[in-house]
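Feature annotations, reproduced from Swiss-Prot:
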BINDING   HIS84, HIS183  heme b b562 binding site
BINDING   HIS98, HIS197  heme b b566 binding site
BINDING   HIS202  ubiquinone binding site
TRANSMEM  34-54  transmembrane segment
TRANSMEM  78-99  transmembrane segment
TRANSMEM  114-134  transmembrane segment
TRANSMEM  179-199  transmembrane segment
TRANSMEM  227-247  transmembrane segment
TRANSMEM  289-309  transmembrane segment
TRANSMEM  321-341  transmembrane segment
TRANSMEM  348-368  transmembrane segment
Amino acid sequence: MAPNLRKSHPLLKMINNSLIDLPTPSNISAWWNFGSLLGICLMTQILTGLLLAMHYTADTTLAFSSVAHTCRNVQYGWLIRNLHANGASFFFICIYLHIGRGFYYGSYLYKETWNTGIILLLTLMATAFVGYVLPWGQMSFWGATVITNLFSAIPYIGQTLVEWAWGGFSVDNPTLTRFFALHFLLPFAIAGLTLIHLTFLHESGSNNPLGIVSNCDKIPFHPYFTLKDILGFALMVLPLTSLALFSPNLLGDPENFTPANPLVTPPHIKPEWYFLFAYAILRSIPNKLGGVLALAASVLVLFLSPFLHKAKQRTMTFRPLSQLLFWILVTNLFILTWVGSQPVEHPFIIIGQLASITYFTILLILFPIIGTLENKMLNF
């Protein structure tokens with residue numbers, strides 16, 4: 001009998017073991033679809049980004065008009081730009097849901113997979129930030145100024161670090177040029193990290209909604225989950241194209257339709273919606289260094305999840321108290337996102353401070369306590 005090329009060819013063998021004959025738990029739900037959706041997001045962003053880069057000029061005098069030119073004069077340039085800008089939003093929606101899934105079902109106990117995932121999140125955040133600066137509108141310029149300025153809070157080396165990042169004494173042409181270089185490079189770094197993420201995942205195999213070992217009941221990835229993933233793609237592409245075609249500027253800031261002007265500060269400087277929760281935590285501390293540390297901690301706290309897991313059960317499927325706490329955390333993140341978009345005045349300041357305290361309290365204190373309590377309840 002002739003050997004099966006899919007199983008014998010050195011390259012096809014890798015693809016086969018990762019995407020075709022991969023043993024997969026039979027009971028994973030739609031929450032396990034977001035990994036493949038993130039892959040599609042990444043490919044879409046790289047493709048549209050490449051097409052945009054062909055028409056973009058990384059120069060302060062030309063950047064804004066080159067983007068306008070792309071939208072006006074390039075064949076379907078408006079569509080490519082709208083898909084790229086809104087694709088970023090969908091990327092973040094998918095990654096937040098993916099992390100939420102991992103948190104709910106205890107997937108963080110696969111430490112290597114979880115840690116590479118957090119590094120992926122940080123890289124994605126960096127990519128989105130430098131990308132937002134490229135159109136060189138008002139919010140691009142002032143967002144870059146405010147966020148890069150945060151590094152000056154680092155003791156002793158802060159100011160030097162900021163001027164080194166800027167390539168001068170303010171955000172100017174060198175800053176834009178290097179941000180374009182970084183925005184081009186980082187998505188490929190994300191693609192490389194994704195392969196590492198998947199390598200670690202395939203070492204252990206997928207988790208499942210019950211959180212129990214599922215070796216006795218696994219099915220091949222293809223055709224079952226390839227088909228399921230295609231349904232997922234369709235359900236994501238539909239709202240993405242609808243948003244890009246019907247209301248492409250819904251999630252953007254009107255301030256960015258004005259070319260960057262260092263002499264005029266916008267009344268409310270705020271990042272894109274997907275950074276608002278972290279921005280609210282940053283603003284809730286009246287001290288610069290304290291705010292920067294809280295901002296960093298808001299994401300880096302995820303690294304501690306595996307060590308704060310005290311429950312005997314892996315997932316929250318049969319842990320109602322932890323479930324309640326989880327959904328309070330989700331609501332709290334929505335409150336932080338909303339507060340981050342509001343001006344710094346009463347009552348938003350105190351709401352932001354309370355929500356920030358709640359965020360860290362739930363993650364660092366309440367989850368371990370409730371987990372231990374539920375262990376005790378198992379004995380009754």
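In case you wondered, yes, glycine gets a Cβ from its N, Cα and C as well.
Under a cutoff of 8 A between CB atoms, and with a sequence separation of 6+ in the same chain, the neighbours of HIS84 (heme b b562 binding site) are GLN45, THR48, GLY49, LEU52.
Across the structure, HIS183 (heme b b562 binding site) and HIS197 (heme b b566 binding site) place their CA atoms 21 angstrom apart. Distance from the CA of HIS202 (ubiquinone binding site) to the CA of HIS98 (heme b b566 binding site) is 17 Å. At the 8 Å Cβ threshold, with sequence separation of at least 6, the transmembrane segment (227-247) comes into contact with the transmembrane segment (78-99) through 3 or more pairs. Within 10 Å of the C-beta atom of HIS183 (heme b b562 binding site) sit 22 other C-beta atoms, taking all shown protein chains into account. Among the stretches 34-54, 78-99, 348-368, the one making the largest number of Cβ pairs under 8 Å with the transmembrane segment (321-341) is 348-368.
Contacts of the residue listed as 'ubiquinone binding site' defined by a Cβ separation under 8 A and a same-chain sequence distance of 6+ are given as ASN17, SER18, LEU22, in order along the sequence. Around the Cβ of HIS197 (heme b b566 binding site), the number of neighbouring Cβ atoms within 10 Å comes to 21.
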